[in-house]
Every structure is written in structure tokens, then in C-alpha cells.
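Features as listed in TrEMBL:
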- 9-31: transmembrane segment (TRANSMEM)
- 43-62: transmembrane segment (TRANSMEM)
- 74-93: transmembrane segment (TRANSMEM)
- 99-128: transmembrane segment (TRANSMEM)
- 140-169: transmembrane segment (TRANSMEM)
- 175-196: transmembrane segment (TRANSMEM)
- 203-221: transmembrane segment (TRANSMEM)
- 233-251: transmembrane segment (TRANSMEM)
Amino acid sequence: MSNWPADGLILLAGMAIGATSIGGVAVVPVLSGIGGVTLPQAIAASSLAFLPTGLLGWCVACREAKVWHKSWPLHIAALIGALAGATAVHSLPPGAARIGLALLTAASGLYGLASASASASVSAAAAASTAPERPMPGQAALFALGLGVGFASALSGTGGPVLLLPLLILWRAPTVTAVAAAMAIQLPVAVAASAAHMLAGQLPVALGVQTGVILLAGAWTGRLVMRRLPGRALRLGTSLCLIAVAGWYGLSHWSP
């Protein structure tokens, strides 16, 4: 793909990932809506593109939070779920996949708005500080969660954190453990989904590698920007952009 508008928007998505941890969900809408790639090919390329960031997230999470021994059923199940989800992509009606992805993008933006607003509210912060944290779910629950998150992530071409982190936060899991588990789940999802697309002969390797390089460059830049700008402003801006992308991508399904 040689499409400067699409490349620029993917770079911005990478910057959003680096600065706010959200934004990766916009990659597939950009590839298919602006890059001119078919939706299944865009999902497959996105899965491969998240492999480098997934490896980095796995290493950081395992080193800093010792996440593997706490949540290994989650990641084993994510492998299985992602294999099934990536296999189902090529038989899913394009219209249903497009609307589902638009809804997921909008939900990610709304979650970002809600979390940014809560962090700015003194009363919300006080309430959060008094709410007791709960241990991570048991192994059976983690396995079921991994199956669902892996399947939905591979089906939509997203990395995994956009689905897993809100669920663990709602569970009131320890924040450090929840963030680490969400970072680490990118790797099994990306590996399994990419393998399934490759076995099906539907993996656009060149596009996936190109997209991954752009995302990495954007994420690196986003980390630098994060240190210079208010985090809440970055999160609000990214969330509003995601909602706008969701609206455009969903409505374009009915455009002539």
C-alpha cells in the first residue's frame, strides 16, 4: 500500500497508542476505508502489524509485573480464541464486520472519554480510592475471558487491550496487574491470528510489515509527546478522534 493519507493516519494511531494506550482500533478502518484494502485483508494485516508492539508489551509486562504466573490461562486461551477468530474473519459478512468494528471503535473512544473525565474529577478519584481492589479472576474465569477476548480481537483486527483492560478494570482487578495483562495479551493474539491468516493464504505480509513499522514509529513518537503534554488532554483528543472515525466508518457502509 502506498497511500500517504492512510499512512499518516496510521502514524497518528501509533502515536495515540504510545501516548494514551488507545488508538490501535483505528488501524483497520483506515486500511479498509482509506487505504483501499478489503476488510479481511485489512484485519489480517493489522494482526501482523501488532506483532512487534505485542512482543514489546509481553516483555515489559513479564519483567515489571511478573504477569505470566498470575494469568497464564488468559494468554493460553487467547491463542485458541484468536485462531478461531482469525479463521472466522474470511466467512463473516463484510457489512456485519464493518458495523461491529465501528461499534468497537466508538466504545473505545467512549471508554477513553469516561476514564479521562473520571481522572479529572476529585469526587470520582476519592470514590475510586475507597473501592477495594479484588484479586484477578480465577483460572477458569481467566480462560473463558481469554477465549472471548482472543476471538473478538482477531475477528476485529485489534490488539486485545481495547477489550481486556476495561473488563479487568470493571472487575476491580489491581491496576498494575490489569494493565500488564492487557499489554501482554497482544502477543498471543497477534501470533495466533497471523498464523491462521497465513495458513489460509490470506496474510498480506508486505502490508502488515509496513503497517507495523509505521505503528512502531508512531508509538515511539507518542511516548515522547506524552512527556511534554497533559495526559488528560491527549486522552480526550484521541477519544474524540476515535468516535469521529467510528461515525465515519459506520455511516460510510450505507453510502452509495
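Any Cβ shown, glycine's included, is placed from N, Cα and C.
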Leading stretch by Cβ pairs under 8 Å, where the reference is the transmembrane segment (140-169) and the options are 9-31, 74-93, 175-196, 233-251: 74-93
Cβ-Cβ under 8 Å with the transmembrane segment (9-31): same-chain residues at least 6 beyond its ends: 1, 37, 39, 41-43, 45-46, 49-50, 53, 101-102, 104-105, 108-109, 111-112, 156-159, 161-162, 165, 179, 207, 211, 214-223, 225-226, 229, 231, 234-235, 238-239, 241-242, 245-246, 248-249
Long-range Cβ neighbours of the transmembrane segment (175-196) (under 8 Å; 6 or more residues past either end): 21, 44, 47-48, 50-51, 53-55, 57-58, 60-62, 64-65, 67-68, 70-71, 74-76, 78-83, 85-87, 133, 136, 146, 149-150, 153-154, 157, 159-161, 164-165, 168-169, 203, 208
